[in-house]
Amino acid sequence: YLYQTLGFPAPYPDPQENKREVCELNPDCDELADHIGFQEAYRRFYGTA
């Protein structure tokens, strides 16, 4: 895709985005992520990030 107004390619999708969304849907994981960061919060709730 191209940004319509800027004329350059869109950035590559974040490979962690799916895991970030899973963590955001869990209120406890989301709250912990606010304090210690997404990757560490995800690891504590779901295993390896």
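Cβ atoms here come from the backbone N, Cα and C positions, even for glycine.
Taken straight from Swiss-Prot:
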{"type": "BINDING", "residues": "Glu17", "note": "Ca(2+) 1 binding site"}
{"type": "BINDING", "residues": "Glu21, Glu24", "note": "Ca(2+) 2 binding site"}
{"type": "BINDING", "residues": "Glu24, Asp30", "note": "Ca(2+) 3 binding site"}
{"type": "DISULFID", "residues": "Cys23-Cys29", "note": "disulfide bond"}
{"type": "DOMAIN", "residues": "1-47", "note": "domain 'Gla'"}
{"type": "MOD_RES", "residues": "Pro9", "note": "hydroxyproline"}
{"type": "MOD_RES", "residues": "Glu17", "note": "4-carboxyglutamate"}
{"type": "MOD_RES", "residues": "Glu21", "note": "4-carboxyglutamate"}
{"type": "MOD_RES", "residues": "Glu24", "note": "4-carboxyglutamate"}
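Long-range Cβ contacts of Cys23 (disulfide bond) within its own chain (separation 6+, distance under 8 Å): Cys29, Asp30, Ala33, Phe38, Ala41, Tyr42, Phe45, Tyr46. For the domain 'Gla' (1-47), the model's average pLDDT works out to 84. In the structure shown, across all protein chains, Asp30 is the one of the binding-site residues Glu17, Glu21, Glu24, Asp30 with the greatest number of other Cβ atoms within 10 Å. The CA atom of Glu24 (Ca(2+) 2 binding site) is located 10 Å away from the CA atom of Glu17 (Ca(2+) 1 binding site).
Of all Cβ atoms in the shown protein chains, 19 besides its own fall within 10 Å of the Cβ of Cys29 (disulfide bond).
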